[in-house]
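What TrEMBL says about this one:
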- 6-23: transmembrane segment (TRANSMEM)
- 27-210: domain 'CAAX prenyl protease 1 N-terminal' (DOMAIN)
- 68-87: transmembrane segment (TRANSMEM)
- 155-175: transmembrane segment (TRANSMEM)
- 181-203: transmembrane segment (TRANSMEM)
- 214-383: domain 'Peptidase M48' (DOMAIN)
- H284, H288, E362: Zn(2+) binding site (BINDING)
- E285: active site (ACT_SITE)
- 294-312: transmembrane segment (TRANSMEM)
- D366: active site, proton donor (ACT_SITE)
Amino acid sequence: MEFPYMEAVVGFMILMYLFETYLDLRQHAALKLPTLPKTLEGVISQEKFEKSRAYSLDKSHFHFVHEFVTILIDSAILFFGILPWFWKKSGTFLPLVGLNEENEILHTLSFLAGVMIWSQITDLPFSLYSTFVIEARHGFNKQTIWLFFRDLIKGICLAIVLGPPIVSAIIVIVQNGGPYLAIYLWAFMFVLSLVMMTIYPVLIAPLFNKFTPLPEGELRLKIEKLASSLKFPLKKLFVVDGSTRSSHSNAYMYGFFKNKRIVLYDTLIQQCKNDEEIVAVIAHELGHWKLNHTMYSFIAVQILTFLQFGGYTLVRNSTDLFRSFGFDTQPVLIGLIIFQHTVIPLQHLVSFGLNLVSRSFEFQADAFAKKLGYGSALRAGLVKLQKICRL
């Protein structure tokens, strides 16, 4: 008797959904408390607290609906055999346009095209509601409906351009990888991640936002002085027009080796009138770099990626596994999808562990900024950002 892999996966998905919903309900109940926490007394006003609470409750209600619909659709797709049915249908489409349905790469691209259309249809109502109802209701949304759909179309075009060569390469590697498949797959994804980290800020990000050099002035001098004191190889300092889409604020850095860049959201500059508060936020971000958090995170991702590919090589030829999900063939992409579903329990554990580490990193970066003498400014800046974001 074959092990019911599919039923086990669906069952665990539902159990995890129920557990996470229980945790969300506890958080929702906490958000409904009208009293300002003692730790925030004197830090933010009752009025600001009420606005923050209203925003968080709106997002919480939306999250409950979104998660319910998601688990319902995902479970139905697996339990009712929609995945193998859609795979077969995507193959029958190819001869209609003069292509060979026996070619696994073409069949996979046809399947992914259908999946992309389906995901856009199912996700669009939630994206529109989140952006133009919840975010707009609380004064955060700044983008027009035209800009929203323009970004959507650009994203689809990028997927069409970048997706096929990447998917094709993965299929070829799996088909010819032999006993060293896990190493080849990891090496390919490692190189791909480096390439994407290189071209994304230079070629892709500018398609969606405008990046301009931070003007000369006190703020620029203070940031450059801070970077120099920490021996941070700052090459460029940009401001991004985040205000065209949202009033939320942020700052981040990127780049390899001696070619680092810092990006400030224009909303951060607009809201934090005090330069010291902005510099303190940058000090926090530089703390992540100085304490090697970015490197540790990258290494952790690479190790987990290699382990996942190692696990995939062990199960990719399991006919019982494929049959349990309704497949009589063993396509590469489907094998990856099935494997991801079967390791969901481990993924949740790993995700929990990574969240703990990430939380620890944030505290360490705060302590680093405080050690540099930005404690008060960082506190004021973070409080101001909290007021802006109402999280």
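Backbone N, Cα and C atoms are what each Cβ position is placed from, and that goes for glycine too.
Heads up, TrEMBL stuff is auto-annotated, nobody curated it.
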| field | Beyond the flanks of the transmembrane segment (6-23) by at least 6 residues, Cβ under 8 Å | value | 64, 67, 71, 74-75, 78-79, 324-326, 341-342, 344-345, 348
| task | For the residue listed as 'active site, proton donor', write down the residues of its own chain that are at least 6 apart in sequence and whose Cβ falls under 8 Å from its Cβ; none is a fine answer. | result | H284, G287, L378
| query | Other than H284, H288, E362, which residues of the chain come within 8 Å of the Zn(2+) site, judged by Cβ distance to the Cβ centroid of those residues? | reply | E285, G287, H293, F361, Q364, A365, D366, F368, A369
| request: Counting other Cβ atoms within 10 Å, pick out the least crowded of the binding-site residues H284, H288. | output: H288
| note | Out of E285, E362, the listed recorded positions, fewest other Cβ atoms within 10 Å surround the Cβ of E362
| query | Distance between E362 (Zn(2+) binding site) and the residue listed as 'active site' at the Cα atoms, whole Å? | reply | 9
| task | Averaged across the domain 'Peptidase M48' (214-383), what pLDDT does the model get? Just tell me the whole number, please. | result | 86
